[in-house]
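Below is one structure, written out as structure tokens; comments come after it.
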């Protein structure tokens, strides 16, 4: 695929008047309707269309016996109805363009997408005396190629014209209690009412800014709103805490609400935190202290720790689980004069625990 930029793989396209990736802002529409009464002698020149014209439509407005003919301004050769006989609807290629000619119930239409590589002349081949023919044309062309308007009744083109139009209003400055909004103007093409770039309109004719009051309804007083409480941080005991969102808002007449600073709400703020699950006692648990030092400095001794059962209120209680050990055996290095743990005497006694081992007892 080749785009209008001649690059392979590009999908860029021309706008209506041939500007690559254009926005039609440089395009002009030229149109005209003429009514003539041709004489039987010779062809009657009606109008011409310049090179560069695109999306051309030439049509007969009312049925007539006359025929339309078209020829090149450069070569003088005919593009359509050279002889003026044996006329019928057809699609054909001429001057490097595809043309579509239709003839239905004595009304003719000629169309081509263009662009014209050379200007064309549109003529009438007379068929009956004193019978009028009404022809109109319309085409789109780049503003740099618009023909000069003359007063010789050959080219009386009606060019696009533009004016300023109210496009929208700004957002109201206040949600209630009487605000102001300002008019926003856009540039409008008169013939179809479409908005176009503002550069096409005369800036000196732009209307003066106007404003109007809006949201004149009385404001509702600010009030607090709360969301649902969140989950409790604890499932039992006295340390659980819940939180929720508390906001100061002003209810609008459209059913929405506007968030305000908390200073605007004069009533007491609802609590955002509360304790929870305080009536659910936590199960009793064994609590252990640190181990004491070994009762001896060498050999075999004991060490102890405190083990108590406490409730969630830190009072004495009954625990269902097995009580942890409160006394354990500690074995240090052999005392002087005692056999080594690696000696046969120690081995025969079955005391083969390494220095410093601790055995826990229930």
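Note: Cβ is positioned from N, Cα and C throughout, glycine not excepted.
Here the structure is a predicted model, which means the values were calculated and not measured.
For reference, TrEMBL has these:
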type: DOMAIN; residues: 34-142; note: domain 'ADAMTS/ADAMTS-like Spacer 1'
type: REGION; residues: 334-362; note: region 'Disordered'
type: COMPBIAS; residues: 340-352; note: compositional bias 'Polar residues'
Whole-number mean of pLDDT values that fall within the domain 'ADAMTS/ADAMTS-like Spacer 1' (34-142): 88
Within the domain 'ADAMTS/ADAMTS-like Spacer 1' (34-142), residues counted as helix, strand or coil by DSSP: 0 helix, 60 strand, 49 coil
